[in-house]
Structures are given as C-alpha cells and as structure tokens.
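Positions annotated as active site, 4-aspartylphosphate intermediate by TrEMBL: A:Asp534. Positions annotated as ATP binding site by TrEMBL: A:Asp534, A:Lys535, A:Thr536, A:Glu722, A:Phe770, A:Lys793, A:Arg938, A:Thr1018, A:Gly1019, A:Asp1020, A:Arg1107, A:Lys1113, A:Asn1137, A:Asp1138. For A:Asp534, A:Thr536, A:Asp1134, A:Asp1138, the entry in TrEMBL reads Mg(2+) binding site. Under the heading compositional bias 'Basic and acidic residues', TrEMBL lists A:583-595, A:632-641, A:1503-1512. Annotation comment: TrEMBL describes A:596-619 as compositional bias 'Basic residues'. Positions annotated as transmembrane segment by TrEMBL: A:415-441, A:468-488, A:1191-1212, A:1274-1299, A:1311-1332, A:1344-1364, A:1384-1404.
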Amino acid sequence: MELGSVHNNNNNAPPTAFTTTHTAPVAAGGPLTSESYKELDIDSEPLSTKPVRRPTGWMTSLANKFKGRGAMVPKTGNRIIPISSSRSTPLIQPETGKPFVSNAVTTARYTLWDFLPKQLYAQFSKIANVYFLFVASLQMVPGWSTTGQYTTLVPLVLFLSIAIAHEGYDDLRRHRQDSGENNQPANVFRSYRNATNSISSHTQQPSTASASAYPLPTSASSRRPFNSFTSESPASPAELSITIPLTPATVTPTPNLAVFQQIKWKDLAVGDIIRVDQNDWVPADLILLHSSGPDGGCYVETAALDGETNLKQRQALKVTNEMIQTPEDIATFTGCAHTEQPNQDLYNFEGYLQVGQGRNQPRYPLSINQILLRGTILRNTPYIYGLIVFSGEDTKIRQNGSKNVRTKAPSMQRLINKVIIVIFSIVIFLSALCTVLSAVWTTRNSKPGHLAWYLTAKNAMKSDTASILFGYIVLFNTMIPISLYVTMELVKLLQAYFIHHDIEMYDPVSNTPAEARTTVINEELGQVSYLFSDKTGTLTENIMVFRKFCVAGHSFNHDLDPESIIAAAKTAQENQEIAVSTGHDHSADGSEDTHRRHKYRSKAGKVVGKLKRSSRHASQRSASGYQSLGGKDAHADRDQSRSGQYPDSIHAGNMPSYVETIVPCTPTSQLVPFLRSGTRHVMADRIRFFLLSMALCHDAVPELMDESDPTSFKYQAASPDENALVAGAMELGYVFLERSRGGIRVRSMPTSPDEVPQEEFYEILNIIEFSSKRKRMSVIYRMPDGQICLFTKGADSIILERVRDPQTGLADFQNLDTPMPFTPDSVHGYDGMDPLASLEYSKSGKSRHNLNRSSTSGAGVGGGGDNAAGKAKGLTHGRQQSGTYKNSGAEGYGRSSIEEDDMGAYFFGQTPGWTQSEMWEYQQTMDHIQEYATTGLRTLLYGHRFLSKEEYSLWSKKYADAQSALDGRQEKLEQVAELLEQNLDMTGATAIEDKLQDGVPETIDKLRRAGIRLWMLTGDKRETAINIGYSCRLIKDYSSTIILDVPTQAQAHKAMNKAMKDVMKGKSRHVVVVIDGATLGIVEQSTELMALFVELGIRADSVICCRVSPAQKALVVKTVRARCKNTVTLAIGDGANDIAMIQEANVGIGITGKEGLQAARSSDYSIAQFRFLERLLFVHGRWSYVRVSKFVLGTFYKCATFYLTQGLFQIFTGFSGTSLYEQWTLSFYNTLFSSLPVMVVGMFEQDLKASTLLLVPELYTFGPRNSGFSLVTYGTWMAAAVYQAIASLMVPLWIAGAIGKFGVEPDDESLFPMGLGVYTTIVLVVTFKIAYLETHNWSIVTHITSFMTILAWFGYNTAYSFFYPVRTGGYHVRGAFQSLAAHLPFWLTIIVASMIAILPNIMAKIIKAQLYPSDVDLYQELEKDPEAVQRWKEWEVELGNQGAEAEGVTGSKIQRRLSIAASIVSRHSSRRAPSLSSRRGPSKSQQAMDANRNDSFMAVGRHSQDARRESFGEGADQVGDLWGPSSHRRGASSASQMTRDRLSRTSSGSSRDAKDSGPWSATQLHFPRPLPVPADSDFSISSTTPLQLGVRRSSSAGHVYDRRMV
Amino acid sequence: MSTDPKTRKPANTAFKQQRLKAWQPILTPKTVLPTFILVGILFAPIGGLLLWASDTVAEVVIDYTQCETAGANFVPVPQGSYSTNFPGKVDVVEPPAFKAVPSVQEGTNATWPTTKCTVKFTIPDTMKKPVFVYYRLSNFYQNHRRYVKSIDAKQLSGTPRTAAELSGGSCDPLAVYKEGDAQFPIYPCGLIANSVFNGNPFLNPFDSTTNGARPYLLSETGISWPSDAKKYGVQTYPDLSQIRPPPNWIKQYPNGYSAASPPIDVSKDEHFQVWMRTAGLPNFRKLYSKNTDDDLQKGTYTMDINMNYNVTSYGGTKSIVISTVSFMGGRNPFLGIAYVVVGVICVVLGLVFTARHLYKPRRLGDHTYLSWNQNAATNAAMANASATSATATGASARY
C-alpha cells in the first residue's frame, strides 16, 4: 500500500477536461489565457500535508483522553482506499498500523468497567461532594462525631447513588441505542471464489432481491472467505486485526460468485462496497459508485445531519456509474480512492478516484457530490452502490458530534457558591468560636476549687481541641445542605417539564412544542439583560417569496405566486360547496403552499380588524371564499382574480415592503399577458431572457408533487431564496421541469397566444457553486442553439462589481453590430455635460423605435475576445446581451423586425424612455434595488455573459484542473471562477420578501420595556438589517442611529469616542448603533477597541451588527459576556451560523425553523417562534428565577435555622458539642422533614400570574436586578433564620427548663424530649414560612406537601418511640414521644414557641408590604382587585388592537425609513459606481431627477426636523406630532392618558418616563390608525445624492459617522 | 427520520399549564388585622388558664448546699435559697432551717463517716397527693458531650464487657482501671455512673415535728421510666474480682467487688436509672421519691440528708424540691406567661396597624409605589449607573 507517496501525474488530464491548447492572450478580466492560470497555482498534486483540522486544545485532548477516545493520531496526507472486492483482510490505517476504526459507533460514555471510576471522578469533581466526603470521613473518626458516625455518609452515598444511577440509566439507553444502530443490517458486497454452487440470481436488480434471500455459498459463512478464520459469526475487529495479511497473489483470485451479504453495521469496514436501498439509512460515509437513479444521480435527506429537510442530490462519477452496473461488475472493478482524512466539514469533500490498477490511472475528482454521509437517508432512488471511506467515529456526523461545548452554569451558581463559601465560613467560624469557648469553659471548670469533677477521671480536665473542632465541623456541616444539588436538579427538571408542556408555546403549524434541552440554567431565562438575535429565520420567517424584479430599469411587481392560487383553486373546487355552506374549513389538508396562503390571509384578516391572533378558522374561511372564485382555467384567470382579491391595503398592512412610493411597478399580472400576446417589443425579449435566466441559474431540483398534474412542481433547493426564484420563474411562465446530469429542461413561455409552450434542453457545462465567501453562483450552459452562456446571480454588490461598465451615452441596441469605440476620455466626457447625452435624451422619445432594431442573433458572440484585447479596461466589447439570443422554437426576439405594438407602448411608453441608455438602466436598476432593500426585500442581481467556444474551453480546462485538486480546491475553484465572472451583462434584479414572524415587533417592544437590550446580529446587508430593525421596532422613529463604518482602527476609535460622548450626554432618548462586519473586523483586532465598542453598545439601546460571520457573532456575545460578568446574555437563532453564538451566550435559544434544527440542537432551549420568547422569558424565566431563588434561599434558610439551634444549644452544654437531637432524626431533617415544602416552592411558586407578567414586562426587571436572590435577600432570610432559631430553641428550653418537663410524669428532663420539642417547633416554623409565608401561590400541592411533612415528622416519631432500640445511651428515645404526645403542655409549648418564632416574620412582611411595597407586592394586590382584573381583560383586547394597528403603523413609517436607509444605500452604491452617479452632469433627465431629489430633500428635512424635535423633545406627546395631524395625535395621546388614569386611578407619577415606560403607558398603543401613505411618487430615492442625505441625517441626530462623509 | 404524524401538542391540563387551583393571599389590612386580634383573643385567655393551673401546684424548694456550714443548731435557710408556692392565700409562716451534724452513713457493704443535714420546713397548707420529692442540681453539665456519651449500654444491659472491649470506647476516660500492666473493666463504666448522685442521701421519712402529724412516708420505687428498666440487666461477670467499681464509688466499695460486696443491681436500682437518664440542661431536677397515696398535711417537717455529694467544687448547688402536680403537670408559670405575652402583643399590633391604616391608608396596588414610577430622576441616574457598572440593567429611563 502506498502511503503518502507523491503522485506526479500532470500528464493525466481529467477526462472531462477539454484538451485545448488555445492560448489567446487577453487582458485581465477578459477571456482566459493559460498565462492567467499560472498565478493561480493550480496543482493537481493531491497530497495535503497540513494536518487535518480536529478539535484540538489541551482541554479537548484531555477530555478525550479521559473519555477513552484515545490519543489522537495526527492525520496527514490522504486516506488511500484500494478498491478490490476480493480483499480478505481489513485495510490497515497507515498512521496507526491498525485497521481503520470499526464502524461501530459508541455514543455511550462508559463501559461496564470504567463506569464506576469515571462516575466517581465526575461526582467528586463537584466541590460540594468532596466537602461532604471530607465531613463524612471526619465523622467516621470515633469520638469526634457529635452526630453519629454515618449520618453524613449514608445520605451522601444515597444522593451520589441517585446521581450515578441516573447517569447510568442514561448511558444504558445510549448503549441500547448504539447497539440498535450498530446492529442494523447492511448489505455488503462479497465475492467468493470457491463456491460450489453457482448463483446467478444476484444479477437481478438488487433492490428487488433482499440480500438475505441469497443463500450463502458455504456453511462456513465467514465474513472473510479467504482468510484462515472460519468463525461462524462475523469476526470481531480484534480478530481481524491480527489476521495475517495475505499476499496479493492469494487475495486476488477471480471470484466467480458475487453476492450482497447481510451483515451488521458495526462489521462494515473501510473499503467495503455496500448497497443502500431506498429509504435506508446510510451506514457510513460512502463514495457513490453507482446509482440506479437517472444518470447516476440519487437523492439524500440530510435532516439528521443538518436539519434541512429538502432533498439533496448526489451524483456518481460517470465512469464508475457506467462501469459498475451489476454486482459482477463490482467484483471485477478495481481502483483506488484517495480521500481527505476524516474531518468535520459536512459541506466539502476532497479526493479523487482512480479506476483500474496502477498509480498513473486518470484521476476523477471527488467532491461532496459523490459522498453519501452516514446519517442521511436515501430517497427517491431504488438503490446505490457505495464504497466506504470513513467508518464509525471517522464519519463526518461523528466528527461533528464530539464537539467540546462550553458547559453552561447559571450565574446564580456563582452566587450560590458565594453563599456556600459564606456558610462554610460561618461553619468554620462557629466551630472555632465554640472550640475557643469550649476551651475557656474547660479551663474555668478545671481550676482547682472549681473543678467539674464529674467530667473527668483525674483531677484536671484538658480540652481536646482537635476533637472539639472537628466535632463542631461535623455538627454544623449540614448547614450546607447535602441535598441541595440533587433537589435543585429535580426542581429544575419540573420547570423544564412545564416549559416543554406549555401549550402557549406550542406552534401548531410546525407541530413543535418548546423544549428545554438543558435544565441547568432555567433561572437565567428570568435574568436576561442582553439579547442577541439572529435576523433571518428568527425575526423573520425565512419564507421567501419572489416579489419584484427589475429588468432594464423597469420594476415589476410580482405580488402573488400563482402556484398556490392554482392549488388553492383546485382545493376550492373540491371544497367549494362545503366551504361556502358551512363556513367551515375543509381544505386544511391542502398543500403546504395553500397553507402558506392561509397564513397570509390570516394576517390580512387581522389587519382589517380581526383581533384574534392566527385565527385559523376565520382566515381559512376567507381563503376558501377566495378559492371559490378561482375558475378552472386558473392560469387565465388568476391575474384578474388576484388583483381583485388582494387590495393594496393588505400589502400595506402586512408588510412595509408593499408600499410603493418610488416608481410605480408594473404588476406581473399585466406583464404576463403582454409577454404572451405575441408582442414584439425588445423589452419583452429582455424580460423573457431574464425569466429564462431565473429558470436556469440555480441549483434546485424539481419534484413533481402530483403525477397526474404536470404543473404541480415543487422545488428543492439549498436556500429558500433560490426556491422562491425558481418558483417565481415558473409562475411567470418559465417552468423548470427536470434536472439530469447533463442539464436541465425548461418549458418556456410561448411568445404569442397561438403558440404552445416549448420544452427545451439546456446543457449544463459547469456549475460554480454558491459559497458565502463568493456570495454568488454561476452556471454555464450550452443553450439549445449551441451558444455558451454564463449565468451568474448573487448579492448585488458582488455582481455590480462584475458587471461591465455601462455603455455610456445612447443605449446601443441600434449599434450592436458595431461596438462603439469609446475611450476613457469619452467616459469622462459623458460625465461632464455631454451634449450628445442630452441630445440623446431629447431624442429618446423618438429613438424608441430605433432601439427595437436589435442585432441579429449571435452578432456579438466571440467579439469579446477580439474586442477587448486592445481596449481599455472597463470598456466593453461588443454586445452580447440577451437581445441577441435567439430562443429556439420561437422567433428570435432580438430581431430588428420586431415592431413595437400597442401593448409595448402601453407598458413602456409612458416612462421617460424605456431604455434611454444603459446608464439610465443601471441607474434605474440601482434605484430599484435600493428601493427593494429599503422596503425589506432581499435583492439579488443577475448577470450573464456569452462565451466563445475558445474562451470557454480554455477556462473549463483550468476549472477541471482546479476541480481535481485535492489541496485547497475550494480556493482554486474560486480563483478560476473569478476569471470568468467578469464583464457581465446585467440581466436583471430580483427582490425576495423575507417575512417577519408573527408578533415580532410586539415582542421586541415588550422586551425593551422589560429592560432587555437587543442586539441584532445578522449576516444580511446593512440596509436590510436596518430596515428589519425598523419594521420590528428595534429602531424607533425617533431613534438616533449611529452608523459605524470606518476603515481604520484610528478612525474607529475616534468615531466611537465621539459616539460615546454623545450617548453619555443623553442627547437622544433612543440610540441604535449599527456596525457592519468589516468594521467589526477592524474593531476586533484590538481588544481596546472591542471593549470600547461593547461599552458603546451597552450604553446604546440597541445594536445592529450586519454582515457578520458566525465567529463574529460569537465574539460579540463573548465580549459582552466578559464585560458584563453578572448579567445574563441570551442568544437566539435558528441556523447553523448561530450555533457559535448560541453556545457562547449564557442562554442559547434555538428557533426550530426553516433552516433546520442545527441551532435548536445545540441550544439550551428551543422554541418554534420568536414571539414565544416573551412567554419563555417573562413567564417561565421569571417563574423559574423566582422559584430557584426561593428554593435556594429556602434551602439555606431551613438548614441554617435548624443547625443554628444546635449551635445555640452549646451555651447550655459547656460548648462541648453535644447534639440536641438524636443522630438519625437529625440527619433526616434535610430529606424528610423540610425538603418537600421548599421543593414545592421551587416547582410551583407563581409570585404573579402569567397574564400579569405578560402584560407588564417591566416586572421582568426583577430578575436582571437580582431581586430574587442576592446577598441582601440572603441576609434577610438569614436574619429570619437566626431569630427563628433562637426563638425555636429558647422558648421550649425556657419553658422546659423551668418546669423540668413538659408535664411528663415521671420526669423527663433528658435531651431527647427537649430536642423533640425544639425540632417540632423548627419543622412547623420552617414549613410554615416556606410553604405559606414565602409562597404566594397556595395550591393544593402546597397544602398536601406541608401536611405530609408534618405528618411525616410525627409519624416518624411515633414509629421511633415504639421501635427505637432500647439499649442506647445519651438519647432516651424509646417511649418518649408517646408520653410527650399525651401531655397538653408539650403541644402548648410548641404552639407558642412557633408563634413567637414566626410572628415577627409575619409582622416584618406586613410592614414591608404596607409601607415599602415592592412592585411584586403591588401587582399581587392588583391581581386581587376585581376591577383591575377586568381592566386587564380590556387591555388584552386593546393589545390585540394594537397588534393589528402596529402592522398598519409600520406601513406609515416607510417614508422615514426610506429617507434614512436611502442615505446609507446611496453611499453604499456610490462607492461601487461613482462614475454612474456623482460625476454626472445635469442632463434634462438629470434635472427632472434633481427636482425629485429636492422634493425628497425637503421631505427628509422635514422628517429629520421632526425627528430632532422628537428626540430632544420634552414630552412624549411630541411623538404624536410625527405621523399625523397633531391634533389628531394629541387627541389620541390624551385619550391614552385618560385610559391610563382610569386604569391607575391616580394621576400622579406623570413624569415623562412614567408615561413612557409605565405599565399603563399607552402612548404607542393608542396611536390612531395611520393615515394612508400617499402615493408619493415624487418622493424618490436617488443614489445621486448621498452627501446631502447623509449630512442631513447626521445633522438631525448628530450621530452618523461615516468616513465618506467626513 | 421518520415523520411522526401524531401531534406533539401539550395536553391542556391544569397541572401542565400550571393552572392548579390556588389561593394567592396577600397581606392586606383587611386580612391581617382580624387575624392578629383573633390570635390575641385566643392566646391571652389560654395563658391566663395556664397561669392559674400552674399556680395550683404547691411547691417547696430548699437549697441545702450550705447546710454543712450551718452547725449543729438549726439556722434559717438564707433568703433566696428557698422558695415556696402554695395556691391560695397562704403565707409561709416560717422560713425553712437546716443544721448539720457528723454522722455515719451505712452502705450495703461499708460504712463511712458523713455529715447529716437536717432540713426543717413548714407546710402551711395541705399538699394534695401525689407528692413528689426531687433533688435538684444546678450548674451540673450532664449534657456535656464527654459526659453524655460516657456510658456503655451493653455493659449496663448485663453483657460482661472486657477491658479490651471497653478501652477506647465510649466510656472513656472511665472505662478501665489500670493496675500496672493489667487492665480491669470498670463496672458500671463511664462518667455518668461514676458521678451518680450517691448513697441514699435523703433519709425517709419526712419527720413531722409539729401538730402530731404522722411521719410522711415516701416511696422510692416507680420513680424511673418504665422503658428504662429494659435497658438494664444484672451484670453477669463471672469473676467479680476482675471488675472494678468506678472511682467515686470507693466509699461504698472500699475493697472493690467481691461475692460479698457485689455491684449494685442496676436493673433494680431506680435511683441509678434516674441518674443515668441524663438531663438536657445544666440545671435539672430528678425524681427521688413520691407518695401517691397520702396528702402532705400542713405542719412542720424535718428531713435528713447525708451530705455525700460535692457540688461546691464546681460551683453548683443542690436543692430539695417537694411538689404536687396540676392537670398541666408541675409548676410552670412560663408557659402561661408566654401565651399571655403573645396574646397581648398580637392585640397591640392589631390595634397599631388599625390606627396606622385609619390614619394613613395605602391604597391597594398604588402605582406611585412602583419602582419605575418612584422617581424618574433617580431612575435615570440609576440607569446611567447601571450602564456604567453594567451589572444591573433595569428599566431604563430611555424608552
């Protein structure tokens, strides 16, 4: 076996590559030359020498070592897997000299042997347990213990046993799971040489023949037929490892029998070839050799791996797919796979395959496309053959599984630890004090003449300090409750149970309840101060809907997807009668899209006044009602019905994105008929080409939902955006039908009514995939007519960089044949006052006709290379634009013969010129993109470029080289791709709507009211982020937005300092800091700057970080967490990119959303909707916090009270350490006689009702302020404990000491009855205090457990007095309780003692509640007030109204947002295309636009004035001036004021803040419905005015920093 | 992954939704004031009743520690060293007196010189049966840890325990007796047994010196706990010469144990059993004798006490207590006092709260008290401070 040897085979061209020697020189950016590849360093040298990334770090390795994972072998180089079916020995891993790891997977952490030692180690790594062990050992020393010898050890062993048993049970379950998984059957290929009976049946389709149906050829069914072992069962790995490798001669006989044999998963080994049938789990990481699917393709479901439910396509190499058809083929197939070493990367794979023997065979590159990972399921494919490359722990899923995750501990844990330290100090102090006092006492009583002779045998006493001290430590140790951790776990378990079962946090749509994946940090949910939220999928739904597009500067509004209309219409037809007659919904089981539509409708319903959230019935009824309108010919009618059915009000209410303010969009409902009308308008061609590119440029897979209906396509794509785009193309007539290996089939739109749709095949030459780094994807097609065209789509900024500079001056459709010889000078000329340009513009109306004379097809093809050669960079070379492309089957729509008809005029005639110039097009497109972005849409830009054959073949060779590179293939591919993705023509732009999730703005409002600072961390671009910020009310209308966008550290420092000063001055009432990933990248390089940034962020009200990477997200969280050590940070996200952040934050919450379950898996809690956060935090968090606080305090309190009596009692024992209580009774205190009430508090306490907590988010500050558990609260509880200990001890002792008995006859002055009296008092007092005085919610559980506790105590004593062994010294238990219980004074003593102990506590509580009521006290009172409750109910209705209004309100805010976002966007784009905008001279069009701009200037100015006034205004009422007639607003405000007064019955506290932030502050809630936004067509955003806009904004708020502004 | 069609919707039960029926009481004047008054009304009379019951108990306590110094003639017991309580309007005519004369105490095996103290006391009114006689020690730490554990239950139950078994056990430091290299178990071992209130100190009966009343006989049986008897068994050491008495028993057993002078039968010796039931507090009394048959008629009585027990060395006192019982047991004014005090406090508090409530009532759920309404300026300052310290982020002033 060759190990890591260098294969130098440059001669071996990959078989798919073009062998061309074309070396046309060309400038950068132009067609490719071999020269340009040199620097790319494309090296097909396969062996990587860098170590494979593994989770390293000494912690991990230590952990791994401990976990028995063994030392990690540094794995370098390739894994080489010879393919030979006849191999008899397992492959040897070169690094270790042993076979590759077994395919058995162990998720279990322990084996039978190491379980106990490991568990003991784990248990005793908890400091408390060590402490108790220490105490237990002290206790074991005879003579030291004051409390018996085993009273600590036994509970300790008990609790440890419980914990260990729990762990053991968990591990047992894991073992069972493992063995279940490891013993699953797999069909492995075996070939046998010496079979006697020939079996030919295996040539049949394996999918139909079960492997077990094959009889094994010999009785010796050995797994390795050729080795010397004849064991019946598959040989264990241990056996195999000692198998003597046989020589090749014996290994490679010609097998005459090839079967698939069923073995267990765990017996699979690297190098085995297996068959996986449809719907089977893939048992190991495989190289796909052959698939029974079309062209060697197959589909896998990777839900278990990454949570994505869409199917992914995998593709066998052509060569192997063809060579291996039958099992016999496998037997004869030889080859060698060179792969990377095991790693975590789920999305990449590097390797190559050589077929045949010998190292110089051609290499076929392997990528992730050929890999089936363990944990995936084969779908839609009968069967596949695969070669195992990674087995067992080497598989990617396992590599990902063993992550070293930060273990989270609640911040309260720190406080608890502090308290424990305090208690420990108290214990030590008390022990020392008592020891000293004991010594003093002993000395005093051993003086001659004052000798307590009865205590000594001799005439002197000496104190045994050690014994006394340790005795005391033993006596007091239980002040630290031994059961704290165990019971706390139970308590939190139930809390988690409640979270999981909360019906209010159950999402019926996704059938997902909330889930607590950890129980450790429940209380942290109630203490959150900082919330870090992802945007996509968290705040937004991540449902992408294709909304708008822009071609040649014209924007089109695609407001509905007919797909669902079709579906809806169909359903409606079926259900029409029922739906109408009963008004009941029967279409619930319609397609998913139908459902989506329902949701959409339900929103609409809400807007128009339906208050009930997600009122399913109402919405579905309305949907049904709508459906009933759908005719049979949905295609024909849908546009009409759509426009009729979806009035604008819905749009305005649903999403701000619908407000069209800039340029009126043409609805596609009108466009489609136009395109199909047979019109001959160049615009139609452009649009068609754009739609075609939408249908072509993607990675999606179509799925026919319904065989009978050829239109029912559903697409599976990697990203929802892509899905939306392909679906959008389908809706507009370009139906992507089928993807095969070679290409895709598209049914195009007929160009005239009498045509039928044509199906065309587009051959895929290359797909350059999307990556987050590239931010674009490209596909190269050979069009049906043979042209080669590159389609690229990607982020607009990225594509913009790659679009060729526009043809200046005239739109050059008429000049296509003769490229305009523009020089750089002429560009400048254009920038200036180019008379030609203005002339051209003046002619534009006329020129329209000329423009339609576009070139003949293919005119520009190939011209690029020639043209560009000598031209200056940036000047284009011939027109290769869409117009030239001739649609096969249809008339060439770029023909000059096309005459504009009326339809065209109708659409494009009214505009100043449908395409005056390319410049204009660009300008318009950019404007539209900005418009899309500012209305919250996600934009993509499409580009294309026709390639000459030579150019392509040259490039494709290099691309193929890069593809086969093993090392750094990704970078090489990117570099090569970069060469081609230049000088694109702009095809068009798309806008996809990313819907906000239900209730997000309201939730964010409430979170803010709760004092939680929100940071939005998103990968999206700034404009989108800011916009979502507005729509989800993260940014208020009156907010000052500080935008940090600086190129250097120094400037960052300066900007942040200035911002800091402004924030500190409190100039603005609401500050939002916006930073992008690039700036953050600069900031994070310096810890000082990062600290400054975090400082700024902490002081601001919100922070938005856009364009940040997952690592940056985590870094931000980490820095904030480090900065604010005692606050709780919460991160919420839904995607894989949020995992780092989720794990970094104190509390990580995963949204079980569209992007899958990855985030949810690694989160602490998962919820289905962002709005559930409200309930999770305000109710469950609050309650958990209160519960845990009270539980911990109660636990410490009860122990302190009890053990302090022991300490106090020492006064009466000469400080000798005598226990007042019998030892076992003593040690049962914590478990039997005091644990239940405190646990009930920890499980069931509700200090305020859920409805109150939800209604008054301000109450949430209780947690972040640590009001529940702090050293102060601990102090008050301890004060109670001390007092009650004194009272509980002294009163009975005083009474008993005076009478010498509790009236018992004969006398019993002995210790036990006295202790019994005190103990009983303590049990009563503690139970009462915890269960009633400190519990607000007295449920049946409280009563039962209190009763049980007291019953247990008396029952225990009764039993004790009857069954206690007679012959003991010290405590005279037998019979004591019987006689005590029969005597009234005993009970009277206990009652009065309890009263004396508890009364002051009650009084203190009353006085506090009456004179210094806390918020909780007040709201507890309010809850009791029936009037208040009634008002709250009204409030809930109002809240519902608010929900509806809020959506309306957002619409009216659009203008403002536009103005702000525009400044950013425009600056943004001005950087990209300065030549487009800033240097332009005033043409007429320019003037016209300037006029618009002035309007917009004024508009913005007005707004910003308002904003300023508002920002620095005195009263909240001024808010009202912003969006409507002030009188109107004032009225509303005063109305709200009145409401408030009515509610609160007081008019005091009317300070500004009280108004704003108080629970009754209704200023926002009582906004009137917004005035409809005027169709403000002259309010346009222009990219040409960045400076003014920016300055204006900054002057209004004084907070905008931008290097380009300065 | 198999898709589970069944719904995961949580069950809508009161428990799971945390809607269990509950009472959420709050401390309002309306609820609190009546409660206080009620408690006061309940407790005060109970206290009165208890005080009355306690007062029905007749009791005489005479501290005779200083008897030895009294000399041969009766001297009055110093003021403060005695106390009497008799129900009704009975004045003690005469303070008790004591005198001490040298005497010889006769034990079962030996005699030894001692001082006999004679205490004379007057019973002004008949003490109703049953009458109990206690001895009372003060400042005696029977609950001292070293003391309280210094007992060997097995040995006392009759099991012969060897020196080796006892050595280092709970009886230390009085487990074994060392004579050279030899070790002999002490029987009964331990500090408690060693310091037993020894040697029949109180001589029966009370001798009536006036009014011609008969001597008042007291029974010394039935004074220990019945259950205690089970703890003790006759010792079964085969060779009594191999065990030694505790050091303090030397007067009773000057020659150690032998067949002729066997150890006491702990299962029968109730005084021993009473002593062994160690007291929980340093001042305690132990029952010595009782008469359940006859009332103690009024008159003057004398009682003889052998002054065997040294209490002065550790600053303690010893007293004799003669007491009757009420239905509530012995005399115990403290319980009644406690009740009266609690009752009075409750009533007073109730009145104070009422006054306060009437004078300056606070409305339920008064918003002005809400933390975010309290003082906007303070709040703003706090918010700033919180931003500075970033420890607490409360409701910010900037909304």
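Each Cβ is built from the backbone N, Cα and C atoms, and glycine gets one as well.
Where TrEMBL records a feature, it is marked here on the structure.
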residue	record	CB count, 10 Å
A:Asp534	active site, 4-aspartylphosphate intermediate	30
A:Thr536	ATP binding site	25
A:Phe770	ATP binding site	19
A:Arg938	ATP binding site	23
A:Gly1019	ATP binding site	22
A:Arg1107	ATP binding site	19
A:Asp1134	Mg(2+) binding site	33
A:Asn1137	ATP binding site	24
A:Asp1138	Mg(2+) binding site	34
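For A:Arg938 (ATP binding site), the nearest neighbour among the listed recorded positions (A:Asp534, A:Asp1134, A:Asp1138), judged by C-alpha distance, is A:Asp534. A:Asp1134 (Mg(2+) binding site) has A:Asp534, A:Thr536 nearby among the recorded positions A:Asp534, A:Thr536, A:Gly1019, counting only those with a Cα within 10 angstroms of its own Cα. In the three-state DSSP classification, A:Asp1134 (Mg(2+) binding site) falls within coil. Among the recorded positions listed (A:Asp534, A:Thr536, A:Phe770), A:Asp534 has its Cα nearest to the Cα of A:Asp1138 (Mg(2+) binding site). Within the set A:Asp534, A:Lys535, A:Thr536, A:Glu722, A:Phe770, A:Lys793, A:Arg938, A:Thr1018, A:Gly1019, A:Asp1020, A:Arg1107, A:Lys1113, A:Asn1137, A:Asp1138 that the record links to ATP, no two Cα atoms are more than 27 Å apart, and one pair reaches that distance.
Within its own chain, the transmembrane segment (A:468-488) is flanked in space by residues 126, 128, 131-132, 135, 138-139, 141, 144-147, 152, 155-156, 159, 162-163, 416, 420, 423-424, 426-428, 430-432, 434-435, 438-439, 1188, 1191-1192, 1195-1196, 1198-1200, 1202-1204, 1206-1207, 1215-1217, 1219, 1227, 1229-1231, 1235, 1238-1239, 1242, which lie at least six positions past its ends and keep a Cβ under 8 Å from the stretch. Through the fold, the transmembrane segment (A:1311-1332) approaches residues 1190, 1194, 1197-1198, 1201-1202, 1205, 1209, 1218-1222, 1225, 1229, 1233-1234, 1237-1238, 1240-1241, 1280, 1284-1285, 1287-1289, 1291-1293, 1296, 1301-1302, 1304, 1338, 1342, 1345-1346, 1349-1350, 1353, 1357, 1370-1373, 1376-1377, 1380, 1386, 1389-1390, 1393-1394, 1397-1398, 1401 of its own chain, all at least 6 residues removed from its boundaries and within a Cβ separation under 8 Å. A gap of 9 Å separates the Cα atoms of A:Asn1137 (ATP binding site) and the residue listed as 'active site, 4-aspartylphosphate intermediate'.
Rounded to a whole number, the distance between the Cα atoms of A:Asp534 (active site, 4-aspartylphosphate intermediate) and A:Phe770 (ATP binding site) is 21 Å.
Counting residues 6+ beyond its ends, the transmembrane segment (A:1384-1404) has Cβ neighbours under 8 Å at 1280, 1283-1284, 1287-1288, 1291-1292, 1295-1296, 1299, 1302-1304, 1313, 1317-1318, 1320-1321, 1324-1325, 1328-1329, 1333 in the same chain. Here the transmembrane segment (A:1274-1299) has Cβ contacts under 8 Å with residues 419, 422, 1193-1194, 1196-1197, 1200-1202, 1204-1205, 1207-1209, 1212, 1220, 1309, 1313-1314, 1317-1318, 1321-1322, 1325-1326, 1329, 1385, 1389-1390, 1392-1394, 1396-1398, 1400-1401, 1404 of the same chain, all six or more residues outside its ends. Each residue contributes its Cα atom, and for A:Gly1019 (ATP binding site) and A:Asp534 (active site, 4-aspartylphosphate intermediate) those atoms are 8 Å apart.
Rounded to a whole number, the C-alpha distance linking A:Asp534 (active site, 4-aspartylphosphate intermediate) with A:Arg1107 (ATP binding site) is 11 angstrom.
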